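> Reproduced below are the annotations present in TrEMBL:
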{"type": "DOMAIN", "residues": "108-273", "note": "domain 'CP-type G'"}
{"type": "DOMAIN", "residues": "117-271", "note": "domain 'EngC GTPase'"}
{"type": "BINDING", "residues": "T156, K157, A158, D159, G215, P216, S217, G218, A219, G220, K221, S222, T223", "note": "GTP binding site"}
{"type": "BINDING", "residues": "C296, C301, H303, C309", "note": "Zn(2+) binding site"}
Amino acid sequence: MISSSIGELSLYGFSDRIAELYRDYPGLEAARVVRADRSHFQVMTRAGAMFVPRALITPEGAQCATGDWLGLDFEGSLEGAFGANPGLLQARVLPRFSQLIRKVAFANSSESQLLAANIDLIAVVVPLDRTLSPGRIERMLVAAWDSGATPLLILTKADLADGINGNHDVVSQVMEYAAGVRVITTSAEAGDGIEEVRQQVQDYPGGGATLTFLGPSGAGKSTLINALIGAKVQDTGEVREGDFKGKHTTTARELVPLPGGGVLMDTPGVRGFEVVDAAEGVAKVFGDIEELFGLCRFADCQHLREPGCAVQEALENGLLESRRWQSYQKMQREMARLAQRKDIAQSRSESRSAGRAYRSYKKIRGRVEEGKF
Ligand SMILES: Nc1nc2c(ncn2[C@@H]2O[C@H](COP(=O)(O)OP(=O)(O)OP(=O)(O)O)[C@@H](O)[C@H]2O)c(=O)[nH]1
Ligand SMILES: [Zn+2]
């Protein structure tokens, strides 16, 4: 049972919204994954940090990542199990509010890898000390929307912007790509904008928001993180825990409580994430383009040179920027390529499992014939 005191868990995003989630799992103790390792997860409970072996994760075969909420089932009590947790029977993965998934497609397989779970705010970090890459901003925004989180756009290094981006009104230019996303300009030098970022986290509906940063190397993510935390993450995030053998180890948690509320997620796998396959996110970022399709004269318009094509018309009269149209088409091509590889991988794995079933049938037949059954 969750006692009335949730202790340290409140620092790790446990809010009324999360309490509601656990109401469907009576008898399970709340825990949040603060770090995923090969053989185990480090989780935070109301009584402190502990380890959960991967083998205890249910439902069987479920993926689990930093940010996940788990329902721990103890033979005795949480307190009693503390330390080496022999009393932990299973750790159930609760439904997620959002998830960042890397969809990879190799020549002969297609799999998806869960990178992080239950992120509320994804800050797409764009540095102003170099030329803006609208395509890249769009791809990161698509990834953010597609995860189920709310994107924010943070323009960093405002103090270095002048020389490079000239007199353009960079913010309004970016807002055009960002379609309805909150844009915040920061400068680590002067500490500008940090309070605004903090405010976004604290104002998140329901409280206890989890924030993460996405952006290219050198964009200023670590600098922002340090400013938000007010100390080096390495110092703040490091903990000493007893492992299963009672040995002390030092690991960095990937979830770090923020002063003033909210939780920062900093996992190496998420930092450079970009979209590969994200139909929903594409609709959010390129919704205006997809709306045009409905205005074409022919329902099966390819938007090339058909008469009455609304896309060509919008391009001609400048309502649609040709760069955005190209960016949209490029993303569609990548998604189609991925879908095709998935189909191939799927049919290969189906024929593989059919082959396996036949081989095991033959083996049993053989044994029956040898009189072993
Ligand atoms: N002038 C100026 N420099 C900044 C600002 N923010 C970051 N920098 C500098 O930019 C460089 C890169 O910043 P980081 O915070 O390490 O970038 P990052 O996004 O964490 O990079 P990765 O760790 O590679 O993902 C560092 O030298 C920072 O000191 C800023 O607002 N103004
Ligand atoms: Zn058309």
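Note that Cβ sites are derived from N, Cα and C of the backbone, with glycine treated the same way.
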> On a simple 10 Å Cβ count over all chains shown, which one of the binding-site residues A219, C296, H303, C309 is most densely packed?
A219
> Could you list, ordered by sequence, which of these binding-site residues: A158, C296, H303, C309, have a Cβ under 6 Å from ligand 2?
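Close enough to ligand 2 are C296, H303, C309.
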> Suppose we draw a 10 Å sphere around the Cβ of K221 (GTP binding site). How many other Cβ atoms does it contain, all chains included?
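Summing over all protein chains shown, K221 (GTP binding site) has 22 other Cβ atoms within 10 Å.
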> Among T156, K157, A158, D159, G215, P216, S217, G218, A219, G220, K221, S222, T223, listed as contacts of GTP, what is the widest Cα spread in Å, to the nearest whole number?
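The span, Cα to Cα at its widest, is 19 Å.
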> Taking the centroid of the Cβ atoms of C296, C301, H303, C309 (Zn(2+) site), which other same-chain residues have Cβ within 8 Å of it?
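Neighbours within 8 Å of the Cβ centroid, excluding C296, C301, H303, C309: L292, F293, R297, F298, Q302, L304, E306, G308, A310, V311, Q312.
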> Where the criterion is a Cβ under 6 Å from an atom of ligand 1, which of the binding-site residues S217, C296, H303, C309 meet it?
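Near ligand 1, sequence order: S217.
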> On a C-alpha basis, identify the one among C296, C301, H303, C309 that is nearest to S217 (GTP binding site); the candidates are the binding-site residues.
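Result for S217 (GTP binding site): the nearest of the binding-site residues is H303.
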> With every protein chain in view, what's the tally of Cβ atoms within 10 Å of the Cβ of A158 (GTP binding site), excluding that atom itself?
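Total other Cβ atoms inside 10 Å, all chains included: 20.
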> Near T223 (GTP binding site), how many other Cβ atoms are within 10 Å of its Cβ?
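Neighbour count, Cβ to Cβ under the 10 Å cut-off: 17.
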> Quick one, of the binding-site residues T156, S217, which Cβ has the fewest other Cβ within 10 Å?
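Counting other Cβ atoms within 10 Å of each of the binding-site residues T156, S217 gives the minimum at S217.
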> Of G215, C301, the binding-site residues given in the record, which has the fewest other CB atoms within 10 A of its CB?
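It is C301 that, of the binding-site residues G215, C301, has the fewest other Cβ atoms within 10 Å.
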